[in-house]
Ligand SMILES: Nc1nc2c(c(=O)[nH]1)N(C=O)[C@@H](CNc1ccc(C(=O)N[C@@H](CCC(=O)O)C(=O)O)cc1)CN2
Ligand SMILES: Nc1nc2c(ncn2[C@@H]2O[C@H](COP(=O)(O)OP(=O)(O)OP(=O)(O)O)[C@@H](O)[C@H]2O)c(=O)[nH]1
Ligand SMILES: [Mg+2]
């Protein structure tokens, strides 16, 4: 069996760096280079790393005896100084003494393969490492704690009970009634559908709200992007048609991650480049979760404004009536017919916070930060497959033999199990861990 080694702290300078090993030779390798030879499991030991008669670094080290470790194998952690040379040098020595370099995510993969955590929990570890907000952190911490596994186990349990009922009916067709089974199938179906709904909210937490800023040229879209990001991100000029391409920036407003997309002003034009830009603007509006339509409040509404308001008729949106400082000439009643509006003067720094609050108020009711939900496309795909099997079972139950219904239930069971990494091919498992950091 191999003993793997890797640096677990990020590259760069830090107070302390951690180099760790997992595998049966971990302790033996440590003893060859560590000045302390009496090593008690799970106790921190102070000493020096000596290699070729030179002190390499002054460190702390800890040995963890299997199976009560992160990987369920023997492990050693060396806490050296966090200069990258120190970490690299110590790693190099471990490799010379027989360890092999760990692959990305291999420590966590071992925890999974040795049954300490399921695949979902392993994915949550990666989620925690990549988290960009506290909400995201807490969501993954819940999954790592087993909250989602528990929910899925409960669905699996319901499916198993129904499989047993099918088998009983195969042997004793007169037992119980089919309506009752149908009801239970519907309940499982509803539960699976709610996993998909929850996933949409999770996407907001993880990827943020996609917010497109659209409007005709020169109304202040890029000025708004700059105000929201607090920097000169986009070029702002008095010339209509300044922004040609979409520009993206991410902000976090009170826990809500917002991916802002500034777009080219929409108007009828024959200019080729501008026309391409406008196509992108419309596409951005279409793809967005939320749209801010900027209007120039100092002029009456124009044909282009009406066209834009029509374009986003069915989207979640707010109208930002800008340039209030120049005097309002816009017909507020007409705008109101299309939806909620906020008046601003980006120039004078007014209205921007109100806009953010309005967006948050409109969107937050959709996000329950406390729901633990499936969180990636692998899970969505498997839940969708399971749903389709349950739908088949619902259709079949009145007209088909119970053997056929049972087949669908077993398929559904398998798909849900695969979320937890059971009955999952090596290929898929490898794909999950490939995106991990080395040393995790
Ligand atoms: N120094 C250090 N910090 C770390 C880790 C680590 O491996 N080393 N972790 C990860 O990289 C994370 C913590 N996760 C861990 C999860 C389980 C076990 C573990 O040894 N579990 C055993 C014993 C549990 C116990 O003592 O109660 C077990 O489950 O049997 C260790 C770390 C974050 N911080
Ligand atoms: N008076 C006044 N001028 C503003 C306000 N907001 C933006 N402007 C000015 O309006 C002009 C256009 O602003 P931009 O932000 O470039 O407008 P845009 O919508 O991005 O324009 P395009 O990229 O051409 O579509 C600039 O000269 C800004 O300084 C405001 O609240 N009041
Ligand atoms: Mg612009």
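Glycine is no exception: its Cβ is also placed from the backbone N, Cα and C atoms.
Automated prediction, rather than curation, is the source of TrEMBL annotations.
Residues annotated as (6S)-5-formyl-5,6,7,8-tetrahydrofolate binding site in TrEMBL: 20, 77, 116, 440. TrEMBL lists 208-364 with the feature domain 'TrmE-type G'. Feature annotation from TrEMBL assigns K(+) binding site to 218, 237, 239, 242. Taken from TrEMBL, the feature GTP binding site covers 218-223, 237-243, 262-265. The Mg(2+) binding site annotation in TrEMBL covers 222, 243.
Recorded features from TrEMBL, shown on the structure.
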residue	record	DSSP (3 states)
77	(6S)-5-formyl-5,6,7,8-tetrahydrofolate binding site	strand
116	(6S)-5-formyl-5,6,7,8-tetrahydrofolate binding site	coil
218	K(+) binding site	coil
239	K(+) binding site	coil
440	(6S)-5-formyl-5,6,7,8-tetrahydrofolate binding site	coil
Those binding-site residues in 20, 77, 116, 222, 440 whose CB falls under 6 A of ligand 2, listed in sequence order: 222
Residue among the binding-site residues 239, 240, 264 whose Cβ has the most other Cβ atoms within 10 Å: 264
Of 218, 222, 237, 243 (the binding-site residues), the residue whose Cβ has the fewest other Cβ atoms within 10 Å: 237
Distance, residue 77 ((6S)-5-formyl-5,6,7,8-tetrahydrofolate binding site) to residue 242 (K(+) binding site) (CA atoms, angstrom): 56
Lowest local Cβ density among 20, 221, which the record lists as binding-site residues, within 10 Å: 20
Of 116, 221, 222, 242, 243, 440, binding-site residues neighbouring ligand 3, Cβ under 6 A: 221, 222, 242, 243
Protein Cβ atoms within 10 Å of residue 116 ((6S)-5-formyl-5,6,7,8-tetrahydrofolate binding site), excluding its own: 17
When distances run from the Cα of residue 240 (GTP binding site) to each of the binding-site residues 116, 218, 222, 440, the nearest one: 218
Between residue 218 (K(+) binding site) and residue 243 (GTP binding site): CA-CA distance (Å): 9
